[in-house]
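One structure is given here, and the rest of the page talks about it.
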């Protein structure tokens, strides 16, 4: 009877606890009831890491900085660009301003040297280029309206690689791909001298600013040929639709369904049939649709991509992939779409577990603004028409596909999308400008910084360093990382290091791993909130490879409303969707669990009987209460050490009338699951908590002297 009382009280308190709404932060964001090491990008990606949803990190010497102006593939954005280095037109004499020693052509055919020519013509003389071993003569008749000329031994091939006028060299000159010095001479006079290090394939060397003289070899930097070099765009948008995943997968679908004229979509992977259906329907009603994907994602291209993209092409959608040897970007990792004059920017891939709402916690936003849409469309055009893109039909013939992970069930939405006002929106791109702009945002923090990431590349990652500096200024910092199996160990190590650093330096900094608690499966968001008035939403992971090698797109949303929305989302995930129980109810639950423990001590015992004195026994009363002893050699229990409460009745009721289970996760915190297989109406009798605890205590005390067995506590661990 007493055992039934304990069971009844447990069920009552736990069911009431489950009925209490989950706390979603101060504003209440609309919760409902609870229910990839880098290698070259190629079509054959079988050698890549098999870790899902990660971009590999790679060391890189210093922050990426744009060289001068646009290159092939970015002509449409030329009017928006300001040169980052001296153009050379003001120089009194010719200078070497650009080198392309390692093109993607066989044998480096078409390599070239760009010389700034004041006034568009070389002065009379004997002009040559030499590396000290071989020399080539510049044509005397060089005269052009441009102040720059590309000189090459193979001008026909070079014309496809540059927008500069091309002049043919006479003689023999080979640019060393592993680094060299190059001189521009007029007769025996050295007019200019440059030095460059090893040339990455497909990247051009651009002279650094402030190196106009030839006293020392001029230095420069490498930048992928055809990669954009854009400044951040700031525009004064008014309202945006902020939403999260897996909660609101309908938002992008509704946006695509409303398209009238054109859709462009850029993604890393694409397997979402729901999104494909909307794109196909748009194309069939006359909307121009174009899609750009990564040619070799980490882990391989999912096999579902074949069916989805093939169907898009049949509907007239132009699909291309970006990648291959010497590609402008290591990965096309940006995740955005432009629908007429609206832009969708998300942290999630175009697949069921991402944008489809079956797994990942993601952040996303729809911005209805012509300037943002126009800017992102121009970025898409530059990437889509670049030298390293391939039509899907051609790529498909040589691509390697891998079996995709099974699609999970849809999570129940808990966070409703909100239309919120913004003061302004910044559009950032990697590698163009994102790193410097994000560092500036972190440096501007005065009160708080909230960071949500899959992982962080290293302890000295620049964005993490800026975050630590903010904490040293007194800014309250919280960092939330994913706990999936493929990042758990490294993330836990980083959390411990951050905690030690905070303790040693007395910093207002906290870090932890997320506990999804059935609201989502894993973190895939790459989000930051500064002072609850600036939110960062986009594809940039906190590693140098993402910032300096990949194509990424990020929006920085300024405004109290949008900042509060994402801050509340962060808060809910930080707390893990924890219960908001009234204090009185919490006390009842604790006392009930304590009473259950006392009963367990009585009924589950270790006997000294038998040859070895190691026989476990369980009385009828204990079996009726349903205690499972996890460590007992003769008893069976599940992996969670489940505690089962049953109704009044015979031993057969234990298996057929399971009511409630308590499972312990890896961090020894309780999660609640309910299973109901009811055959008869419950027959619990309840007494007051005080009486229950008193009875249990007195019984244990009265029997403690009469038992010769060693008592063992039933436990879940």
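Using N, Cα and C of the backbone, Cβ positions are placed for all residues, glycine too.
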Handout entry: Correct range for region 'Disordered' (source TrEMBL, candidates 85-105, 106-126, 127-147)
Key = 127-147
Fill in the blank from the handout: Of 31-73, 160-202, the range TrEMBL tags as region 'Disordered' is 31-73
Handout entry: Residues flagged as transmembrane segment in TrEMBL, choosing from 537-557, 558-578, 579-599, 600-620
Key = 579-599
